[in-house]
Amino acid sequence: MLLSQNVSAIGPLNLYPMVHISLVFGISYVVPDLSDESCTLKMRFRNFQSILSWELKNRSIVPTHYTLWYTIMSKPEDMKVVKDCINITRSFCDLTDVWVNRTDMYISQVVGYRENAVVVSCMGSFFLASDKPLDPPKFEIVDFTNNISVNVKFRLDSPRIPSEELQFYLAFIEEHAGNSVKRHQPQITGNITENFNYVIDKLIPNTNYCISVYFEPKDPRKINRSPLKCILFRPRRESESSEPATIGGILILFLLAAVCISTVMILKRIGYICLRNDFPEALNFYKLSVWVFPELPPLEKMATVEVIHITRKKKEWNYNYDDESDIENEVAPRVNSGGYTKHGLTGRLCPTSTTAASLEDCSLEDCSLEDCSDPSAEEPYLPEPKRDAETPAAPGPGPWQSEGTGGGYQTRGTLWQDPTSEEDSDSTEGSEGRIVFNVNLNSVCVRALEDDKDSEVTLMSPSPPEETAVLEEDLSETESSLLVASEEGTQLPFTDPSMECLRPQDALSDKSDTSESDVDIGDGYIVRQVNLKNFN
């Protein structure tokens, strides 16, 4: 704030009493106006420089040049001219190096000349401690991570002012944050250098702060504040805050994607997009929804299964090839102690003198006895027309055997012709009185009856010792059950199944002479060829 003082020209002798009063009471003395007020004197203190300026009241009188005089009131001295302010054309003068004592009162006189004539003369008195306000210094503010630094600058050519006096003038740094104002009073000790730094901390992030620096004089009404300098305080720099910005961007993108997907799915559900079931692949989010919300696996289908055990009775066959009757003569099965059942097989031999018709009738009669129900027997067995002897019934396995292992029958006793017999069909010697059948060596025991009645039973397959004992016990019983084929035809019984083998008897009668030859065809079977002589 500038101080203006109206001065008038007075004599040096009249100033001494006023100087004494000014020093005692410490007040500024205003020199009484002893002449007409032709100009106004002003003292300024800018950047530690004392500038005295003047302004003319009567603008019609314009001096061409000025000269400045001064004296100290406490010293009985005459007026002295200021060397740098003689015959100057400007309306101010720098008294920084002239007025150095701040406790003295200085009396100044400005004289204006036009050519060599004095046209204006003005006087004034100033007490530097109170009448010279200080202009605010230059400063800068810098923001850091958590504070603000205020850098106050002083000129190198500053006046020679002691540090104690500078502490008196350097007052406050004001901090403006919104509507609040906070003053900081720095503590200065020692000599003052070019710059002075002051740190302001405990700041609120993302807040705009304004700083002002000024010197406070004794009169509060004369404070001259500097212009405000503002800065936005950020606790972190932009480089450090890049990571939160990235995370925020990712979250925003994720939310936008979720909103878009949910919108499309809702439009699909309500049928707004399209009304067909085969959607394009771009709009098919079923798999994506399964990944986010997995569905429970479907329940297993269960059905009740009822197991029904069917008990089937074994069909017993009584093969009877009698000419007089086609009815099966059932023979009561004999149950052995081992739980097996004996079955007899009635075999019929074709007559000696046979013709093609008689042989055909014989084969048809055999088929009628068997009901021709065996699916494996595709063609009926037709005996060769040159056979002269009746073929005796050959023993075969019982009906409990699933495989067709019967001697001359297929599965249920039907005779079948071995390929080997077809090869020998051209020879009259091998085709007469011969029957071809298979024997399972794993389950059949064969006893061949030769001319000697004392021949022993020959076992064709091994059997355990227990089964051999049972075989010997039932030997007599088996021999009694064997029947010899006669003209009417007899029944050839099977052996006991508990023996796990069959013992066929090949002796048909005393008049029949048999010769046997066996051929192994693999799979545990043997082809037996029996040569039969013609019966009388």
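Cβ atoms here come from the backbone N, Cα and C positions, even for glycine.
Per Swiss-Prot, the annotated N-linked glycosylation site among residues Asn87, Asn224 corresponds to Asn87. For Cys39, the partner cysteine in a disulfide bond according to Swiss-Prot, taken from Cys122, Cys210, Cys230, is Cys122.
Of the candidates Asn6, Asn191, Swiss-Prot records N-linked glycosylation site for Asn191; the remaining residues carry no such annotation there, which does not rule it out for them. It is 358-372, from the ranges 148-162, 193-207, 358-372, that Swiss-Prot records as region '3 X 5 AA tandem repeats of S-L-E-D-C'. For Cys93, the disulfide partner recorded in Swiss-Prot among Cys85, Cys210 is Cys85.
When each of the glycosylation sites Asn58, Asn87, Asn147 is scored by how many other Cβ atoms sit within 10 Å of its Cβ, Asn87 comes out lowest.
Around the Cβ of Asn101 (N-linked glycosylation site), the same chain contributes Ile72, Leu128, each under 8 angstroms and 6 or more positions distant in sequence. Put simply, Asn58 (N-linked glycosylation site) is 55 Å from Asn147 (N-linked glycosylation site) when counted between their Cα atoms. For the pair Asn87 (N-linked glycosylation site) and Asn58 (N-linked glycosylation site), the C-alpha distance works out to 20 angstrom. Restricting the average to the region '3 X 5 AA tandem repeats of S-L-E-D-C' (358-372) gives a pLDDT of 45. The DSSP secondary structure for Asn101 (N-linked glycosylation site) is coil.
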